[in-house]
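The active site, phosphoserine intermediate annotation in Swiss-Prot covers Ser62 and is backed by sequence analysis. According to Swiss-Prot, the feature Mn(2+) 2 binding site maps to Asp12, Ser62, Asp435, His436. As annotated by Swiss-Prot, substrate binding site applies to His123, Arg152, Asp153, Arg183, Arg189, Arg255, Pro256, Asp257, Arg258, Lys329, with the evidence given as sequence analysis. Annotation source Swiss-Prot lists Mn(2+) 1 binding site at Asp394, His398, His453.
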Amino acid sequence: MKKGPVLLAVLDGYGFSKDTKGNAILNAKTPFMDNLVKEYDHCYIEASGEYVGLPDGQIGNSEVGHLTIGAGRIVYTGLSLINQDIKTKKFDSNKTLLEAINHAKKNNSNIHIMGLLSPGGVHSNEQHIFEMIRIVSENGLKPVIHVFGDGRDVAPQSIISSLERLNDVLKKYPGTIATISGRFYSMDRDKRWERTKQAYDNLLGISNNYFDNPIDYVNKQYSENIFDEFLVPARINDSNVVIKDNDAVIHANFRPDRARQISHLFCGSTVYEEKNDHPLKNLYYAIMMTYEGITPTSILFPTVVVKNTFGEVVANSGLTQLRIAETEKYAHVTFFFDGGVEVDLKNESKILVDSKKVKTYDEVPAMSAVEITDKLIENLDKFDVIVLNFANADMVGHTGKYNEAVLAIEALDSQLARIDQKIKELNGTMFITADHGNAEVMLDDDNNPVTKHTTNPVIFISNNKDVKFNKPGSLGNVAPTILDFMGLEIPADMDKKSLLKK
C-alpha cells in the first residue's frame, strides 16, 4: 500500500460546466481547487444516465452516485428496474402489488398509493404511480392517491403539470386525490419528527387543513410564496379516504433515505425509536424497494446484494477505514457506498456530524463542513482509508439561492485546503470527486432559480503529483483507480477499469 492515509472526498453536487452563468462553482473564490486543477493532473468523469445505471439522459443523484462509486461498476437500481418491468408488463403481475390489492378486497377497505408526484426520477417517477393506478383499477378497485410535492429534483413550481397528468389518468382509471404534502414534511430524513408527523397526521385525517380542489390549493399556496417542496399538508374533507385500520398502502418512492421516517410511523423499524401516537391495525404496508431497517408487510422490488464493494476490499485487506459525513449525507457514505446495505465492516469506524437545525441550508451555507474537517483532522492519522462527504454544493444548490451557493463553495474550498495540508503532513493522498452536478447550474436561460441536479460530468483529481489519469471515465472507475493506487487487487465484480496511468 502507498505510504500514509488515502482519502476520498466526495463533493456532493459539485459538477463541472464551462458556462459561467449561474455557476456557483466557477464564480466562487476557490484558491485551493483552482491551484489543484492548475498544478495536478485530473479528468472529468460521467455521473448521470446510463453511466450510473439510469435511463439515458437522466440526471444523476446522490444515491446512485455513491452506489456506483463504492461498487466500482454500474448497479441497476430502482428507476431502471421498475421501468423495465413496466415495459415488459411484468409489473402487472408483481406479487406484492397484487397482495396489497387482495388485502383491500378481503377487508372491504381502501388501497392507497402515496409518493413523490414528479417526473424527476430521483426518488420516484410519477409514471410508476400512474401504472399502479391502472393496475389497481383493472383489478376492480378505486385507488386513493396521496401526493408529495417535489420542487427539488424538478422546478420549484411544477406540480400543477404533474397533477394535470394525474387527473388525465384518473379520467380513465377512477380514483381520488385525497391529500397533498410537500416533501419537506413527508420526506424528511433528518429526524425532524414534527415534520414527518404533520404529514402522517394529514394522511390519517387527524389534521383539519382542507382543500376542495388540489390544483386550486397549490395555486393558493403559490400566492403565499409556498412552493412545491414546502406545500403545507392538506386533505379533502372526506373521512372515507383517510388511511385507517385494515387498509393497504403502497409507498411508491424507490429511493429509501427520504421514505424511511414516514414508513417507520406506518410499519415500524429497527432504526428509529420515535413513538407513533396513532398506530394502525391490520395495515398492509408495501414499499417499492428495500428501505434499510424498515419492517413493511412486503417489498415490490427487494434489493439485490452488491458484493465486493470498495469498503469490503479494504476491510478484507486488513486495513482500517473511516466514513465521515454530516446527517444529510451520512447514509450515502455508509449505506449507499456499501452497496445499499447497512453493514459494519472489519476495522471500520463511522463518524456522524450533526447537520445544522435550519429550515433550508441557504441560512448556513457552510453547513457542518468545519465540524467535519475538525473531526477528520483529529482522526486522520488513525486510519488507512477515509471516505468523506461534503454536502454543501448539493444541499445549498437545492435551495436555488445563487449567492448562498457561492458562499457554500467558498466554505467548502477552505476546508479542503485544511485537509490537504494535514494529509500531506502524514505523507498521504487525497482523491476528490463528486456524485453528480448541481451547484454549477443555479439559473436557467430566463434567470429563474434552478434547484435540481444536472447531467454534467464531475471532476476526478488527486493532490499527489505521481497520479496521472487515463480518460475518459465515469463514477464506476473511481474505486478501481484508488484500489490500483493502493496496490490492492481489483475484484472481478468491479468491471470498470482503473484510470491510473502507469
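Keep in mind that glycine also has a Cβ here, set from the backbone N, Cα and C atoms.
Same-chain residues with CB within 8 A of the center of the Asp394, His398, His453 CB atoms, the Mn(2+) 1 site residues themselves not counted, are Asp12, Gly13, Ser62, Arg152, Asp153, Ala393, Met395, Gly397, His436, Asn438, Ala439, Thr451, Lys452. Checking the binding-site residues (Asp153, Arg189, Pro256, Arg258, Asp435) against His398 (Mn(2+) 1 binding site) with a 10 Å Cα-Cα cut-off leaves Asp153.
Other Cβ atoms within 10 Å of the Cβ of His123 (substrate binding site) number 27 in total over all chains. Over all protein chains present, the Cβ of His398 (Mn(2+) 1 binding site) has 25 other Cβ atoms lying within 10 Å. For Arg258 (substrate binding site), the same-chain residues 6+ apart in sequence whose C-beta sits under 8 angstroms from its C-beta are His123, Arg183, Met187, Asp188, Arg189. Listed in sequence order, Asp12, Gly13, Lys329, His332, Phe336, Asp394, Asp435, His436 are the same-chain residues at least 6 apart in sequence whose CB falls under 8 Å from the CB of the residue listed as 'active site, phosphoserine intermediate'. Separation of the C-alpha atoms of Pro256 (substrate binding site) and His453 (Mn(2+) 1 binding site): 18 Å, rounded to the nearest whole number. Note: the CA-CA distance between Asp153 (substrate binding site) and His453 (Mn(2+) 1 binding site) rounds to 6 Å.
Scoring each of the binding-site residues (Asp12, Asp153, Asp435) by how many neighbouring Cβ atoms lie within 10 Å, the top position goes to Asp435. Non-local contacts of His453 (Mn(2+) 1 binding site) by the CB criterion (under 8 A, 6+ apart in sequence, same chain) comprise Gly13, Ser48, Ile59, Gly60, Asn61, Val122, Asp153, Asp394, His436, Gly437, Asn438. Neighbour counts of Cβ atoms within 10 Å were taken for the binding-site residues Arg189, His436; the minimum is at Arg189. Pro256 (substrate binding site) counts 26 other C-beta atoms within 10 Å of its own C-beta, drawing on all protein chains shown.
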